[in-house]
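Over in TrEMBL, the protein carries these features:
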- 25-476: domain 'Major facilitator superfamily (MFS) profile' (DOMAIN)
- 20-43: transmembrane segment (TRANSMEM)
- 63-83: transmembrane segment (TRANSMEM)
- 95-115: transmembrane segment (TRANSMEM)
- 159-184: transmembrane segment (TRANSMEM)
- 196-215: transmembrane segment (TRANSMEM)
- 324-345: transmembrane segment (TRANSMEM)
- 357-376: transmembrane segment (TRANSMEM)
- 388-411: transmembrane segment (TRANSMEM)
- 423-446: transmembrane segment (TRANSMEM)
- 452-471: transmembrane segment (TRANSMEM)
Amino acid sequence: MARNQQLRVLQALDVARTQLYHFMAIVIAGMGFFTDAYDLFTISLVADLIDHRYYPDGQRGDYLPVLINAVSLCGTVPGQLVFGWLGDKMGRKRIYGVTLLLMIFCSLASGFTFGKSTNKSVVTTLCFFRFWLGFSIGGDYPLSATIMSEYASKRTRGAFMAAVFAMQGFGNVAAGLVGTITSAAFVNSSQDKIDYVWRIVLMFGAIPALLTYYWRMKMPETARYTALIAKDAKMAASDMSAVLHMPIVPEDDGVNELASQDQYGLFSSEFLRRHGLHLLSTAVCWFVLDVTFYSLNMFMKDIFTKVRLLDIDDDLLKPFKRTIRITGVHTAIAAACTLPGYFFAVAFIDRIGRVKIQLLGFTMMTVFQLCLAIPYPKWLECNRNKYGFAVLYGFTFFFANFGPNTTTFILPAELFPARLRSTCHGISGAVGKIGAVVGVFAFHLLRNQFRTLLFVLVGCNLVGIMFTLLLPETMGKSLEEITGETEEGQTLDDEATTVNADDGIHVVPV
């Protein structure tokens, strides 16, 4: 076997036609992101209820919304680093179930309180479990991205990964719907029932995670981990033969050949030469994207209240109606702008390419944020202007999702070699979530200077554009070709290859 020739089992995956197992993998990995988005965004929706119930008359000051919004994001940072590293050391599948179990437990525990239900005990307990919930959510990012990238064919890899990430949009919509329905169910109840509403909304996040645990445990380990990291050619061939419904002959000699190659580590000069710029660029792009995405998403209520699109001042004594209005606006923006952006990303990611879509997204986000920032005083002058503000605000989210919010998730799972893929994705994602925390605190500091914040976000987008230009295009290439583990031209072309269920892989002259 030539030093840079790709293993047959990996060639089979790269040229495989779309099959049922692809859709199963999308749903199994995607439901994790559904849960992730639901859990991360519900807290911003119920924060108003918690504030009203435990801190009447403004006793808590301004720190509570920032604290409970930021604590889970803080947990995602070490979660991405730890589980990303473990995914490369112990296997994607083995760690995949651990993140889900922790997510289920912490979602349920978020609805309980240790000791008496005083404001201190409630907030302390909530923050404790929200941190560990964030830790588990952080772990789901590198594992889901790596598993989907290693399962998909090179022709449809981008679309399948984007479809997994698009489940985040459905989770966002579900967060609004569950919050609205639960609040409506208690709308005529006394304020003592507030505790039921926010606890039910938070604990509901455990349900989709519970539904997917069994199927996650049934997934076989990815062939790239088994063959390239665990060096088990027979297991890789066996697992993928069952998945693809075709015989694949184990290549012990090929795996041994790969094992004898010089495999540089994360902190080596060789990694720095080959992938240092890639890691820096993916991390910076994710950082600046999350500064914008989370500051505008998690504080949507405060922003829309400023422009009078959301009128909740008349309902200070009716917390359930306030929550219904807040969740209603959140759901409308998510359904009208957030979800379509994900759909466009799925449709065009393997036609336009990752880098072009990321550049388009950052550019259009800059345009729409300038349209919000430059005439900002005008938006506040006339009540009719609020609808134009909402449209431009919504387009910012559309191009975030049909842009860097999707591509920053995809690119780190494609650019790095298999033995470092999950780790590097975790590093990029952790830097991104640091950006999310920065965005939350930036909004808090500039909450009375929203126009200034918008200009800061424009600057973040421009930084994202510059670092995107340093990234290579990965569309249509095998993972080994992208990372340099095989030379260009050594992988099988789609046109020259057929996969036959009876006889395996055949190379056909073109």
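Cβ from N, Cα, C; glycine included.
Annotation: stretch 196-215 has the most Cβ pairs under 8 Å to the transmembrane segment (95-115), among 63-83, 196-215, 324-345, 388-411, 423-446. When Cβ-Cβ distances below 8 Å are used as the criterion, the transmembrane segment (196-215) is approached by residues 24, 27-28, 31-32, 34-35, 38-39, 42-43, 45-46, 49-50, 53, 97, 100-101, 103-104, 107-108, 110-112, 171, 175, 178-179, 182-183, 186, 320, 323 of the same chain, each at least six residues removed from its ends. Pairs of Cβ atoms less than 8 Å apart link the transmembrane segment (159-184) most often to 388-411, out of 63-83, 388-411, 423-446, 452-471. The stretch in closest packing with the transmembrane segment (388-411), judged by the count of Cβ pairs under 8 Å and taken from 63-83, 324-345, 452-471, is 324-345. When Cβ-Cβ distances below 8 Å are used as the criterion, the transmembrane segment (452-471) is approached by residues 277-278, 280-282, 284-285, 288-289, 291-292, 295-296, 354-355, 358-359, 362-363, 365-366, 369-370, 372-373, 376, 404, 411, 415, 442-443, 446 of the same chain, each at least six residues removed from its ends. Sequence-distant contacts of the transmembrane segment (423-446) (same chain, at least 6 residues past either end, Cβ-Cβ under 8 Å): 62, 66, 69-70, 73-74, 76-78, 80-85, 87-88, 138, 141-142, 145-146, 266, 275, 279, 282-284, 286-295, 298-299, 302, 408-409, 412-413, 415-416, 452-453, 456. For the domain 'Major facilitator superfamily (MFS) profile' (25-476), the predicted model reports an average pLDDT of 87.
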